[in-house]
Amino acid sequence: MDESNLLQGISMIDLRSPDAILSDYAKRYAHLLPELSPQLQQRMAYMPEPDAPRLPLTKPAWLSDRSCTLTPGQAIDRAQGALLGLAIGDAVGTTLEFRRRDQGQVSDMVGGGPFRLAPGEWTDDTSMALCLADTYASQGKFDFATFADAMVRWYRQGENSANGRCFDIGNVTRRALEGWEAQGLAWMGNLEASTAGNGSLIRLAPTAIFRRHSLSATWWESVTQSSVTHRAIEVSECCKLFGAQLHLALNGADKEEALSPKVRPLQPRALIINAGEYKHKTREQIRSSGYVVDTLEAALWAVWNTDNFRDAILLAANLADDADSVAATAGQIAGALYGVSGMPPEWVAKVAWSRHICELASRLFELAPQGDEMDELLSGSE
């Protein structure tokens, strides 16, 4: 069904509405939920037929990878753009961080903000992304303990901080890292809905770059990296959706394709974002808080309503509140769409650690595993 026809005349719902209302409302997007395959239904059957032949597992169609339609140079440009775009959005947005909307305005990378940063310096969004990128670069895969330890070094010692100290960290992230220090893998916190902050969404680009050949690996590893600090269901849902959108953009999709509704198994709030309702909302209907649903919706709204990297970042940052995180999230997808080549050269030159960030993105690009690990898993499942 055509997206514009589907949404025409519909009053966009507030994603802060009660769960019961949202669940009922989201039924209109049931066509975006995949049907259970015969193979999966057979394995889920409470009373399976004893003599029925066991159907082989196959990868569902909705997890099909997008073939890369870019030249190698274009693909690297977009990969670097996703990670550098995160840092640039962070550095631009920090000026208005914690400010009420329209109490100030930013039109350039000027620093300042609550932490009185120099122009080009960034906050915890980028620091965490660099910890994640370092994990992939050093291990050639995602490793929970390596990532958690890197995050602790940032928290305690200022590693991967633009100014050598951890001056900004979310409460949920702090609690998780202290839990890791105390209990290691035995710690299983931050599952509550009240912990559904944006801390793992804002650092996601390294996973999408490293797993660029496989949508299924991107989908699941978006959740795995999140689980180090954020395990609430809504965070996992938003990370999966955003990871899938980054996968499309990194492999050549334009804005319309990357942000178009796709068949995906998502719960109501993420499903409604996937359906694209944010595209029809006004600025007044968009929230820019640290709640993961607000952050993702605001970032996608800013990218959808612009046609270049600079304008997307400024539109996101000027929403204020958690401005750095909204702009960092917008910067990931805008950078993956427009590449470093589409960024203002003065921002690329000014943002802290610009060369290192681009080199790290290139390293993840080169290390990206070929093929689809889910296909290998399924081929050996019988």
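Any Cβ shown, glycine's included, is placed from N, Cα and C.
Site annotation (Swiss-Prot, ligand Mg(2+)) includes Thr123, Asp124, Asp125, Asp324; from Asp102, Asp149, Asp168, Asp294, the additional listed residue is Asp168.
Excluding Thr123, Asp124, Asp125, Asp168, Asp324, which define the Mg(2+) site, the same chain contributes Asp90, Thr94, Glu97, Trp122, Thr126, Ser127, Ile202, Ser325, Ala328 within 8 Å (Cβ to the Cβ centroid), listed in sequence order. Under 8 Å, Cβ to Cβ, and six or more positions away along its own chain, Asp168 (Mg(2+) binding site) finds Phe115, Thr123, Asp124.
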